[in-house]
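Report on the structure given below.
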Amino acid sequence: MERARLIQTSLLVFLLLSLSVSYVHCQATRVGFYSKSCPRAESIVRSTVQAHLQSNPTVAPGLLRMHFHDCFVQGYDASVLIDGPNTEKTAGPNLGLRGYEVIDDANTQLEAACPGVVSCADILALAARDSVILVPTGRKDGRVSLASDTTYLPGFTESIDAQKKKFSAKGLNARDLVTLVGKHQRVII
């Protein structure tokens with residue numbers, strides 16, 4: 001069972017990284033983006049995630065899911081973190097997201113170490129990575145967050161065909177659908 005979960009998690013990370021590479025390519029991202037401007041950025045996020053995982057191991061899939069939801073709407077821009085009425089955070093598919101406290105904690109520590117340097121988009125990406133593995137950094141934070149934009153997120157109450165269409169629009173297939181959404185429902189393809 002543990003091996004199957006590791007394989008599923010590895011596939012999920014691969015798919016997220018594949019989407020990430022295609023989206024962030026135009027944003028001049030690279031591994032080690034903060035090596036000069038905030039050399040401890042990645043270690044601060046890593047230690048924050050580790051501390052939270054020690055007290056609540058279930059936060060790991062929550063961070064990965066939050067990163068996926070952020071990606072699926074506007075791309076990797078942390079718009080899912082924006083508070084306020086009618087934001088992505090308030091939309092039905094995002095009401096069950098977990099791990100905000102980890103991102104807030106890491107952001108607080110990074111602002112103390114390197115004020116205004118590390119984007120929330122990268123904090124979210126690094127936290128998701130640190131709940132599993134490594135990703136490039138250098139994303140820009142989103143400035144717009146609309147609940148209406150989440151209509152493109154696959155919902156657990158939608159038909160399989162509707163979800164397949166949404167995944168296809170993002171260059172993903174039925175296997176990707178089962179891997180990323182299968183935990184929320186039983187899918188037979």
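Cβ from N, Cα, C; glycine included.
The recorded disulfide partner of Cys114, taken from TrEMBL and restricted to Cys38, Cys71, is Cys38. When the binding-site residues Gly75, Asp77, Glu88 are screened for a C-alpha within 10 angstroms of the C-alpha of His69 (active site, proton acceptor), the residues that qualify, in sequence order, are Gly75, Glu88. Here Arg65 (site 'Transition state stabilizer') is positioned 14 angstrom away from Gly75 (Ca(2+) binding site), judged by their C-alpha atoms.
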